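Per TrEMBL, these features apply:
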- Arg17, Arg66, Thr104, Arg266, Val267, Arg268: GTP binding site (BINDING)
- Cys24, Cys28, Cys31: [4Fe-4S] cluster 1 binding site (BINDING)
- Tyr30, Gly70, Ser128, Met198: S-adenosyl-L-methionine binding site (BINDING)
- 8-237: domain 'Radical SAM core' (DOMAIN)
Amino acid sequence: MTRPFLDSFGRAVTYLRVSVTDRCDMRCLYCMAEEMTFLPKPEILSYEELERICGAFIHSGVRRLRVTGGEPLVRRDVMSFFTAMGEWLRRPGDEPRLDELTLTTNGSRLGEFAAPLHAAGVRRVNVSMDSLDPARFAAITRRGNLRKTLDGVRAAREAGLKLRINAVAMAGLNDDEFDDMVAWCGQMGADLCLIETMPMGETGDDRVNRYIPLDRVRADLARRWTLEPLTYRTGGPARYVRVAETGQKIGFITPMSHNFCESCNRVRLSCTGQLYSCLGHEGASDLRGPLRAGMDDAGLLRLVHSAIGRKPKGHDFMLGRADDDPARISRHMSVTGG
Ligand code: SAM
Ligand code: SF4
């Protein structure tokens, strides 16, 4: 194995999120504008290019890879990428390998893809679902169909995939549903992860007024459920509790009210080959240009090492910090990959 990735604060980078497309069949209020102009195809990394970059990361110690977007399952022939990445799971323990291959999806096409994903080596999937009410779900996603996502969730269970449901907490949109979601996730054997709305990209919705601090949600849930704090960590921003009544976990991702960057172990590759060492900063390193100009693997690794060396200590989303511009990060979440 080549030199492992360490940032200047000594954090080892072992987790890569890869956005394979900026496109999506939904237009969630907090993520995209109603009318989006998507990137021209030549700007998007080909599967071959993605595989080369991911391979370089795996050779330097990345052990977990999450595929995201946009909606990863709308990209044509996406299973060829999962199959190629799945081969890294089967490498012997003493060679560069992946321990886990996962994805985040809106679930609309999971009905079709759950079984092939399992065959490729995926064992866990995060499905974004902000409401259990069909009309609300349609309003939040602007063009999603709850039935399809629920069919996807069912297919995932049947295929043997572990599930985590992601829900962005939004005042006036789904803040009266968290109890029902905890109960529903309990029945489905799924974990639940609640997320504070982050100000990324213009979407035409007022996210500042939608924002609810999750401390408040957690205190409210604790009136009805027994929440046992867990030390379980993924290196990510979520803090977990176990619901004694259901046995499932609830994660709280609180980028706005708490900054948990000190243990961050992840970097993100956008679908255009920009490497973001922090979701909450504008700075990125271009890998596509050098790759297309013929850079060899050693050169690529040097670039990645120097980008990771510049990984900032933490993001600056917190309201009231630095300046007060609510849409401080101008790019949409769908470009970087959530
Ligand atoms: N399309 C897939 C999905 O929705 O799961 C994957 C990409 S999506 C960008 C990944 C995650 O980012 C989703 O769980 C979504 O809820 C979350 N997300 C998007 N925009 C967000 C924002 N402004 N604040 C907080 N979470 C956001
Ligand atoms: Fe699409 Fe996911 Fe963004 Fe919703 S959150 S618009 S499903 S990329």
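Any Cβ shown, glycine's included, is placed from N, Cα and C.
Because TrEMBL annotations are produced automatically, they should be read as predictions rather than curated entries.
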For this session: Quick one: pull the CA-CA distance for Cys28 ([4Fe-4S] cluster 1 binding site) versus Gly70 (S-adenosyl-L-methionine binding site), whole Å only.
Result: 11
For this session: Drop a 10 Å sphere on every Cβ of the binding-site residues Cys24, Cys28, Cys31 and tell me which sphere holds the fewest other Cβ atoms.
Result: Cys28
Problem set entry | Annotated GTP contacts Arg17, Arg66, Thr104, Arg266, Val267, Arg268, maximal Cα-Cα distance (Å, integer) | 15
Seminar exercise, completed: Near Gly70 (S-adenosyl-L-methionine binding site) (Cα-Cα within 10 Å), the binding-site residues in question, chosen from Arg17, Cys24, Arg266, Val267, Arg268, are Cys24
Seminar exercise, completed: In whole Å, the longest Cα-Cα distance within the recorded S-adenosyl-L-methionine binders Tyr30, Gly70, Ser128, Met198 is 16
Seminar exercise, completed: From Arg17, Cys31, Thr104, Arg268 (binding-site residues), the ones whose CA sits within 10 A of Met198 (S-adenosyl-L-methionine binding site) are Cys31
Seminar exercise, completed: Taking Arg17, Tyr30, Arg66, Thr104, Val267, Arg268 as the binding-site residues, the residues having C-beta under 6 A from ligand 2 are none
For this session: Express the distance between the Cα positions of Arg268 (GTP binding site) and Ser128 (S-adenosyl-L-methionine binding site) as a whole number of Å.
Result: 19
Exercise. Arg17, Arg66, Thr104, Arg266, Val267: which of these binding-site residues put a Cβ within less than 6 Å of any ligand 1 atom?
Worked result: Thr104
